[in-house]
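Enquirer: Here you go, one structure.
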């Protein structure tokens, strides 16, 4: 299984491996499940608690509604899983919600989904890290005492790991995920055994607490609203379900079928764990409150600001296994690890989505290159920065962060499912095979129901959560949307500006002759090389140009020029202010004025050095000069590099960087496959036009 | 007088003004005095107080030693002024301490002085701003209540003004300086009149305070040590005296004579003010303590932490003019303004010294260009950052900052004067004219005494102040010294590596043929221009190369290429991973392998855009590709720019930037003059060798 992770890298470097051997690198279901399910499964660590929290507003009596809310969440989960099983079958390329919405509903819908997903990734990190810290804190008090610090430290750690490019392996995901699932099921079974068979009375640490309802005796509309809010919170259990639909290419054949099966397995596991935890929480009398300090009472007095409200899963574990026991600690640590893995998936997903958006020119084109380290790093740092900011603003409180979380998820659910309905409609228009048509109609029905249900949930979430923080997520989406639209407009405008007219090319872009000038300051190897290269180019005229910043040096240069018998004429430009750039620019402009139809080629000897601090010491004037020359029409600028010995270090570094493989390779599947598919995708968008030259 | 400031700028831009007209722009003595003397004169605002502070450690009885300390400071001041009058005569080019030490004592001494001066500039800003805030605070309580905030705000303001390039005028300096000097003399005269003629009893606000001596009844060595410490603190009055020696070229003819006269005037003014303030402080019973909160007592109880100890000058003004009167406020504001001007001189001096050091290759070569905005900005930001850090660490407490200040000043005094002795020795070796010899021997005696005296003071300062903060200044000097030595070593090593061997140039740098490749991604105007230019260059072979990141796009490109009948053959390189850089690098390497003696010319069409955010959206891949190509031997890289419409904005910005004139022009004198002189200087250092190509 460890080979699994090396292979994508070997492909990237060695290029010897062809698609017939790629089979080995694909994920079997037993590995795919943990790789893709850490995000959705980890959400059962906080979703049940959120339901109880909201219900507590109406007092502990409202806890009796929790099974009904669990049922609603289960129905929703089955709906979403069933819907995404259709996606997986229809888009074996691993389309993902963005592609589905973009292809079927148009650019605006696609961009909306993309904005929602980008916000979602940020929140996945913020929520998962915060919840992970809270779970770890139930076993290690230090962690919860320094919650914000630990949460930020965890983000920094994950960020550094991802920036360095940790090799990802199935094992890395498999062990904590299976330990977590195993421990939860053990807890559920052992709890059921103790409660139902042995008839023991298990008590959560908060069993003796009382809840002072914020709004006691709610009824009618207010109660319904509260139940809807609780349901919205419970929907946090659904986050991350869509991940598999992005990762179909990583599955073993039959890809779609395996992915669909894995989805179903994941849904079943999540639902069982979610319901089981709620049931045990009821059985062990867990009490949670939105504002524990003032609403939780022990022996008639409020617990106060020092009280730390532990997550439901850890309270249940304390009741079933006993607080601080070996199994309790194992579960707490595994929960935290799975939550951190869930956060890590966002680190992989964010740059990948960025590269897809860059391909559609919604983001800078350079993000387009797959697994490019620099682009990847920028994405990672942006993600980590935004997540850390949220964690800091919300003091690493997962409950408050979750209010922001669910909007984005359901925006993309709804639009993606709506897109799928369109997809089936389009296929049905041409499909004549009755068996296939029946199948499509069935799929369409599932997706339509999915779109409807998730749409309703989206409205419920928006209504119940808006003032609790959902507006922040919406604002984030709007910012992403506006920025990406602006970038796209810019690229479109440039594409139009530079598009070449038909027919024979314009005269203005075709000069008749070329004057070359080589810049020299001293006679040394870089200069000699530049002069030699300049001579090779056989331009119409060639002269060497030097700036006289110091008469003595200039005299020495002229003497050595003659002594060495260099055949290129040397021209000296005066510069009483020791400037370099201005005299050259003016000279070049003068040449252009004298013969406007000619081009000027400026040849600059440049040092190549190996260390960043050497960059500061060299070539700054050359760089600035080049920058200015580029604004001068009719000029081309040639660098003739001279590699200093120290440049070897940089060459090695560059090679290392090129060989670097981006995290998240495992879940994206082999490169070869994806490229073909993305080419297919690009074909469908040929009408987008233009593109932008060397930016590609 | 306002023309004064415009002219240097007109010279820089217009270039019509020749040296025969430059006379007008030179400074008459009445303007030169405020321009150069704001730094040394402003130090009388804090130096007298520092003397009293230190003496207070031995109790108020030790105040009686203050006249003796004043005498010692006066003697030292006369010595230093007399010494620098010799410098000014010997180095009419405005050599400054660095040049004197470098020329006469060698590189190490020069570098030591340079390090000391750099530290000194940082401390000038920190001390002057802090003292300015304290003086302003004696009139405006808000300022002293938010001392650190105001001090940092003042630094930020000065920095922004200098970064923007404020037009400096003689007026700017003249008004506050003359107001300050006038107000101080008015205070001295009025105080003398009230005290001696009217026989009134003037009381400072702290006249009734008592001082609890930290070490009462000091005697013997301990007392001597304390007196030496007080003397060291009083030496703060000498900071900035050397400024005129850098600015001789800015004076009207006879330059040296006028500069020497101005120096003498400045010395006289400073000494009178210094002694007068100390005398008035004695007469009005000013009490100051190092730790006022615990050592100052009023009616038997300590004044406590809330007590604000105002500067001596403001306490004396309160006694003479009355607290809060018009003249009191005028003096406080003028004192603060002069101190801010003193800080401002460091903003001018720091980049200038940087450019001189860059010329000697102790700092990056690009700082060399005089008045270059970018280099200037870097210097300014470095200076402001270091000063703000010190102000922050020392809570804008001028007393604590002064402990660091004096070391650097006396290091450069001592080394500069020692250098002058060597200078006269050298001249005396060849001079035969007896009159001149006598003159030189006299000058040498003055400088020798100056060197001796300042050397003794340096030792005293080091011994008495080391643990009080002088070690910080020394550490700063060591850091500058080591960094600059390392930079110089690097440049020397590179110069050696690239020096061209004699005789016919090496075969390895002279390739025989050149293959050109134009990179294309789409057929648009930038590509067509690049192809047209490439054809002009008539290299041995020419082909267009495209990277196949998307088969459909590549097919479209190939079709359009043929349809338009572009005669350059198009080669497509495969890139299954959507990489751009690697396939091109490998292709180029392949070309080099096939014919190692040939050069490869890579021609890249580039967009030129106008806004920074557009840079993010364009050319990133091209930039990175160029970066990698430069490491590949035997390659030259040509950019063919295509100016988009938006590039007009950047062109205008670049022009504005080029027309910018650096602050501090007034005090440096006309550009034309300086250049010739610096050329003369450079001639003397021709043995330094190498230099570094296009870095100049």
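Just so it is clear, glycine is given a Cβ too, placed from its N, Cα and C backbone atoms.
A TrEMBL annotation is a machine prediction, not a hand-curated record.
On a predicted model such as this, the values are computed, not experimentally measured, just so you know.
What TrEMBL records for B:654-696 is region 'Disordered'. Residues annotated as transmembrane segment in TrEMBL: B:65-84, B:111-133, B:139-160, B:172-193, B:218-241, B:262-283, B:326-353, B:374-395, B:401-424, B:445-463, B:469-487.
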Enquirer: With a cut-off of 8 Å between Cβ atoms, can you find at least three pairs linking the transmembrane segment (B:374-395) to the transmembrane segment (B:262-283)? Only pairs 6 or more residues apart in sequence count.
Expert: no
Enquirer: Can you work out whether the transmembrane segment (B:139-160) touches the transmembrane segment (B:65-84), with the criterion being 3+ CB pairs under 8 Å where the paired residues are 6 or more apart along the chain?
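Expert: When sequence-distant Cβ pairs are counted, the transmembrane segment (B:65-84) does not touch the transmembrane segment (B:139-160), since fewer than 3 lie under 8 Å.
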Enquirer: Select the range from B:65-84, B:172-193, B:401-424 that forms the most Cβ-Cβ pairs under 8 Å with the transmembrane segment (B:326-353).
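Expert: Top-ranked stretch among B:65-84, B:172-193, B:401-424: B:172-193.
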Enquirer: For the transmembrane segment (B:469-487) and the transmembrane segment (B:111-133), decide whether they are in contact, meaning at least 3 CB pairs lie under 8 A, counting pairs 6 or more apart in sequence.
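Expert: Checked: the transmembrane segment (B:469-487) vs the transmembrane segment (B:111-133), in contact.
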Enquirer: For the transmembrane segment (B:445-463), what are the same-chain contacts with Cβ under 8 Å, counting residues 6+ beyond its ends?
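Expert: For the transmembrane segment (B:445-463), the list is 75-76, 79-80, 82-83, 85-87, 228, 231-232, 235, 406-407, 410-411, 413-414, 417-418, 420-421, 424, 470.
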Enquirer: Can you tell me which of B:65-84, B:111-133, B:172-193, B:218-241 gets the most C-beta pairs within less than 8 Å of the transmembrane segment (B:401-424)?
Expert: B:111-133
Enquirer: Using a threshold of three or more Cβ pairs below 8 Å, and leaving out pairs closer than 6 in sequence, do the transmembrane segment (B:172-193) and the transmembrane segment (B:262-283) count as in contact?
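Expert: Yes, since the transmembrane segment (B:262-283) and the transmembrane segment (B:172-193) share at least 3 Cβ pairs closer than 8 Å, they count as touching.
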Enquirer: Determine which residues of the chain contact the transmembrane segment (B:172-193) at the Cβ level, with the cut-off under 8 Å and only residues 6 or more beyond its ends counted.
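Expert: Beyond its ends, the transmembrane segment (B:172-193) has Cβ neighbours at 30-31, 33-35, 37-38, 41-42, 44, 202, 269, 272-273, 276-277, 280, 283-284, 313, 316-317, 319-321, 327, 330-331, 334-335, 337-338, 341, 666.
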Enquirer: Going along the chain, which residues at least six beyond the ends of the transmembrane segment (B:111-133) come within the CB cut-off of under 8 Å?
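Expert: For the transmembrane segment (B:111-133), the nonlocal Cβ contacts are 39, 42, 45-46, 97-98, 101-102, 143-144, 147, 150-151, 154-155, 158, 236, 239-240, 311, 335-337, 339-340, 342-343, 345-347, 349-350, 353, 357, 362, 383-384, 386-387, 390-391, 394, 396-398, 401-402, 404-405, 407-409, 411-412, 415-416, 473, 476-478, 480-481, 484-485.
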Enquirer: The transmembrane segment (B:218-241): which same-chain residues, six or more beyond its ends, come within Cβ distance under 8 Å?
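Expert: That would be 37-40, 42-44, 46-48, 50-51, 53-55, 57-58, 62, 65-66, 68-70, 72-73, 76-77, 80-81, 84, 120, 124, 127, 263, 266-267, 270, 274, 342, 345, 402, 405-406, 409-410, 413, 457, 460-461, 463-465.
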